[in-house]
(Lines of atoms letter the chains of each structure in order from A and count residues from 1; the text may use other names and numbers.)
(Lines give C-alpha, C1' and ligand atoms only; values in the text may rest on other atoms or scores of the structure.)
Protein backbone atom coordinates (compact mmCIF):
# COMPACT_ATOMS: atom_id res chain seq x y z
CA UNK A 1 0.00 0.00 0.00
CA UNK A 2 0.99 3.61 -0.30
CA UNK A 3 2.94 4.66 2.77
CA UNK A 4 1.47 7.15 5.23
CA UNK A 5 4.87 8.88 5.27
CA UNK A 6 3.62 12.02 3.56
CA UNK A 7 4.75 15.63 3.44
CA UNK A 8 2.72 18.70 4.23
CA UNK A 9 3.55 21.54 1.86
CA UNK A 10 1.61 24.30 3.59
CA UNK A 11 2.76 23.26 7.04
CA UNK A 12 6.36 23.17 5.92
CA UNK A 13 6.11 26.56 4.29
CA UNK A 14 4.67 28.02 7.49
CA UNK A 15 7.42 26.42 9.52
CA UNK A 16 10.19 28.03 7.49
CA UNK A 17 9.73 31.25 9.43
CA UNK A 18 10.69 29.38 12.60
CA UNK A 19 13.58 27.44 11.13
CA UNK A 20 16.21 29.54 12.89
CA UNK A 21 16.05 29.17 16.66
CA UNK A 22 15.21 32.75 17.66
CA UNK A 23 13.81 33.83 21.04
CA UNK A 24 10.11 33.07 21.37
CA UNK A 25 7.71 35.96 20.85
CA UNK A 26 6.29 36.78 24.27
CA UNK A 27 3.09 38.17 22.73
CA UNK A 28 0.89 35.19 21.98
CA UNK A 29 -2.20 35.24 19.79
CA UNK A 30 -5.47 34.07 21.26
CA UNK A 31 -6.39 30.39 21.01
CA UNK A 32 -7.06 29.23 17.47
CA UNK A 33 -10.41 27.52 16.95
CA UNK A 34 -11.71 28.96 13.66
CA UNK A 35 -13.98 26.75 11.58
CA UNK A 36 -14.61 26.83 7.85
CA UNK A 37 -17.03 24.95 5.63
CA UNK A 38 -14.47 22.21 5.06
CA UNK A 39 -13.23 22.26 8.65
CA UNK A 40 -10.51 24.16 10.44
CA UNK A 41 -8.13 26.00 8.08
CA UNK A 42 -4.40 25.32 8.34
CA UNK A 43 -2.51 27.46 10.83
CA UNK A 44 0.55 27.64 13.08
CA UNK A 45 1.31 29.82 16.08
CA UNK A 46 1.31 29.92 19.86
CA UNK A 47 -1.48 29.06 22.28
CA UNK A 48 -1.25 29.31 26.07
CA UNK A 49 2.53 29.01 26.12
CA UNK A 50 2.77 26.19 23.57
CA UNK A 51 3.55 26.15 19.88
CA UNK A 52 0.90 24.53 17.70
CA UNK A 53 0.93 23.37 14.10
CA UNK A 54 -2.14 22.31 12.14
CA UNK A 55 -2.31 21.41 8.47
CA UNK A 56 -4.96 19.78 6.30
CA UNK A 57 -5.21 19.35 2.55
CA UNK A 58 -8.95 20.05 2.82
CA UNK A 59 -10.10 16.67 1.55
CA UNK A 60 -11.32 15.46 4.94
CA UNK A 61 -13.87 17.06 7.22
CA UNK A 62 -11.51 17.97 10.05
CA UNK A 63 -11.87 20.15 13.11
CA UNK A 64 -8.77 21.14 15.08
CA UNK A 65 -8.97 23.26 18.24
CA UNK A 66 -6.50 24.43 20.88
CA UNK A 67 -7.62 24.19 24.49
CA UNK A 68 -6.07 25.44 27.70
CA UNK A 69 -2.39 24.84 28.40
CA UNK A 70 -0.97 22.06 26.24
CA UNK A 71 -4.33 20.60 25.22
CA UNK A 72 -5.62 20.22 21.67
CA UNK A 73 -8.37 18.21 20.02
CA UNK A 74 -8.81 16.86 16.51
CA UNK A 75 -11.88 15.24 14.99
CA UNK A 76 -11.71 14.06 11.38
CA UNK A 77 -13.95 12.01 9.08
CA UNK A 78 -14.56 11.10 5.46
CA UNK A 79 -11.67 8.67 4.90
CA UNK A 80 -10.05 11.20 2.58
CA UNK A 81 -6.98 13.38 2.50
CA UNK A 82 -4.02 14.11 4.74
CA UNK A 83 -3.92 16.03 8.01
CA UNK A 84 -1.63 16.58 10.97
CA UNK A 85 -1.88 18.71 14.08
CA UNK A 86 -0.55 19.04 17.56
CA UNK A 87 1.04 21.12 20.29
CA UNK A 88 4.55 21.36 21.65
CA UNK A 89 7.52 23.68 21.35
CA UNK A 90 9.48 25.70 18.83
CA UNK A 91 12.39 25.27 18.86
CA UNK A 92 12.72 21.70 20.10
CA UNK A 93 15.80 20.32 21.79
CA UNK A 94 17.46 17.00 22.52
CA UNK A 95 16.84 16.65 26.25
CA UNK A 96 13.13 17.30 26.65
CA UNK A 97 11.02 14.78 28.59
CA UNK A 98 7.52 15.05 27.14
CA UNK A 99 4.41 13.98 29.01
CA UNK A 100 1.18 13.37 27.14
CA UNK A 101 -2.28 12.14 28.09
CA UNK A 102 -5.78 12.07 26.69
CA UNK A 103 -7.85 10.11 24.20
CA UNK A 104 -6.73 8.67 20.86
CA UNK A 105 -9.35 6.89 18.74
CA UNK A 106 -8.21 6.37 15.13
CA UNK A 107 -10.18 4.45 12.55
CA UNK A 108 -7.70 3.56 9.84
CA UNK A 109 -4.31 5.02 9.04
CA UNK A 110 -3.08 7.38 11.76
CA UNK A 111 -0.12 8.06 14.08
CA UNK A 112 0.28 9.59 17.52
CA UNK A 113 3.90 10.66 17.84
CA UNK A 114 6.49 13.12 19.00
CA UNK A 115 7.25 14.80 15.69
CA UNK A 116 9.70 17.45 14.57
CA UNK A 117 12.44 18.76 12.30
CA UNK A 118 16.07 19.82 12.45
CA UNK A 119 18.32 21.69 10.01
CA UNK A 120 22.03 21.24 9.25
CA UNK A 121 21.37 18.52 8.24
CA UNK A 122 17.70 18.55 7.34
CA UNK A 123 16.02 15.70 9.24
CA UNK A 124 12.36 14.88 9.84
CA UNK A 125 11.84 12.70 12.91
CA UNK A 126 9.14 10.65 14.61
CA UNK A 127 8.86 8.90 17.97
CA UNK A 128 5.67 6.92 17.38
CA UNK A 129 3.74 5.94 20.50
CA UNK A 130 0.62 4.54 18.85
CA UNK A 131 -0.89 4.11 15.41
CA UNK A 132 -4.00 2.83 13.70
CA UNK A 133 -4.16 0.23 10.93
CA UNK A 134 -0.78 0.94 9.34
CA UNK A 135 2.57 0.21 11.02
CA UNK A 136 5.16 2.73 9.78
CA UNK A 137 7.90 0.16 10.34
CA UNK A 138 6.72 -1.69 7.24
CA UNK A 139 7.99 1.08 4.93
CA UNK A 140 11.36 1.82 6.56
CA UNK A 141 14.81 0.28 6.95
CA UNK A 142 15.36 -1.13 10.43
CA UNK A 143 18.63 -0.02 12.05
CA UNK A 144 18.26 -1.40 15.57
CA UNK A 145 16.23 -1.00 18.73
CA UNK A 146 16.27 0.86 22.02
CA UNK A 147 14.53 0.68 25.39
CA UNK A 148 13.34 4.09 26.56
CA UNK A 149 10.96 4.85 29.42
CA UNK A 150 10.45 1.12 30.00
CA UNK A 151 9.34 0.34 26.44
CA UNK A 152 11.02 -1.14 23.38
CA UNK A 153 11.21 0.83 20.14
CA UNK A 154 12.33 -0.19 16.66
CA UNK A 155 14.73 2.33 15.13
CA UNK A 156 14.30 2.94 11.41
CA UNK A 157 15.21 5.31 8.60
CA UNK A 158 13.68 6.31 5.31
CA UNK A 159 14.80 8.75 2.62
CA UNK A 160 12.56 11.27 0.88
CA UNK A 161 13.70 12.35 -2.58
CA UNK A 162 12.91 15.82 -3.94
CA UNK A 163 10.05 16.34 -1.53
CA UNK A 164 8.74 19.51 0.17
CA UNK A 165 10.26 20.27 3.56
CA UNK A 166 10.69 23.16 5.99
CA UNK A 167 13.62 24.20 3.77
CA UNK A 168 11.96 23.96 0.37
CA UNK A 169 12.07 20.97 -1.96
CA UNK A 170 14.89 18.74 -0.75
CA UNK A 171 16.14 15.20 -0.44
CA UNK A 172 16.29 14.35 3.25
CA UNK A 173 16.19 11.51 5.76
CA UNK A 174 13.45 10.58 8.18
CA UNK A 175 14.43 9.07 11.54
CA UNK A 176 11.97 6.86 13.40
CA UNK A 177 11.50 5.22 16.77
CA UNK A 178 8.34 3.09 16.66
CA UNK A 179 7.06 1.66 19.94
CA UNK A 180 6.87 -2.13 19.80
CA UNK A 181 4.28 -3.07 20.79
CA UNK A 182 2.38 0.14 20.25
CA UNK A 183 0.22 1.67 22.95
CA UNK A 184 -3.31 0.49 22.32
CA UNK A 185 -5.41 3.04 20.45
CA UNK A 186 -9.14 3.34 20.85
CA UNK A 187 -9.48 5.14 24.17
CA UNK A 188 -7.47 6.69 26.97
CA UNK A 189 -3.74 7.00 26.39
CA UNK A 190 -0.83 8.50 28.30
CA UNK A 191 2.91 8.27 28.53
CA UNK A 192 6.30 9.89 28.87
CA UNK A 193 8.86 10.27 26.10
CA UNK A 194 12.48 10.99 27.01
CA UNK A 195 13.61 12.43 23.70
CA UNK A 196 17.28 12.32 24.67
CA UNK A 197 17.12 8.54 25.05
CA UNK A 198 15.97 8.17 21.45
CA UNK A 199 18.28 10.81 20.03
CA UNK A 200 21.33 9.28 21.75
CA UNK A 201 20.42 5.83 20.42
CA UNK A 202 20.03 7.26 16.94
CA UNK A 203 23.41 8.96 17.17
CA UNK A 204 25.04 5.70 18.24
CA UNK A 205 23.75 4.21 14.99
CA UNK A 206 25.12 7.08 12.91
CA UNK A 207 21.73 8.80 12.68
CA UNK A 208 22.72 12.34 13.58
CA UNK A 209 20.12 15.07 13.93
CA UNK A 210 20.83 18.60 12.78
CA UNK A 211 22.40 21.36 14.83
CA UNK A 212 19.43 23.75 14.42
CA UNK A 213 16.12 22.76 15.94
CA UNK A 214 12.72 23.54 14.45
CA UNK A 215 9.41 22.64 16.06
CA UNK A 216 8.84 19.59 18.29
CA UNK A 217 5.22 18.63 18.94
CA UNK A 218 3.02 15.72 20.00
CA UNK A 219 1.11 15.24 16.77
CA UNK A 220 -1.93 13.35 15.60
CA UNK A 221 -1.78 12.47 11.91
CA UNK A 222 -4.39 10.95 9.64
CA UNK A 223 -4.27 9.65 6.07
CA UNK A 224 -7.48 8.61 4.30
CA UNK A 225 -8.98 7.74 7.67
CA UNK A 226 -11.20 9.07 10.44
CA UNK A 227 -10.96 9.44 14.17
CA UNK A 228 -10.80 11.57 17.28
CA UNK A 229 -7.87 12.73 19.38
CA UNK A 230 -7.78 14.93 22.48
CA UNK A 231 -4.24 15.22 23.83
CA UNK A 232 -2.60 17.31 26.53
CA UNK A 233 1.17 17.77 26.42
CA UNK A 234 3.53 19.04 29.10
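Including glycine, each Cβ sits where the backbone N, Cα and C put it.
Listed in Swiss-Prot:
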ACT_SITE  221  active site, proton donor
DOMAIN    38-234  domain 'GH11'
CARBOHYD  25  N-linked glycosylation site
CARBOHYD  75  N-linked glycosylation site
CARBOHYD  167  N-linked glycosylation site
SIGNAL    1-21  signal peptide
- Item | Cβ contacts of residue 75 (N-linked glycosylation site) (under 8 Å, same chain, 6 or more positions away) | 62, 63, 227, 228, 229
- Task: Would you count the other CB atoms within 10 A of the CB of residue 167 (N-linked glycosylation site), including those on all shown protein chains?
- Result: 17
- Which whole number is the mean pLDDT over the domain 'GH11' (38-234)? 96
- Kindly assign residue 167 (N-linked glycosylation site) to one of the three DSSP-derived states: helix, strand or coil. coil
- Message: Just to verify a number: CA distance, residue 167 (N-linked glycosylation site) to residue 221 (active site, proton donor), in angstrom, no decimals.
- Response: 21
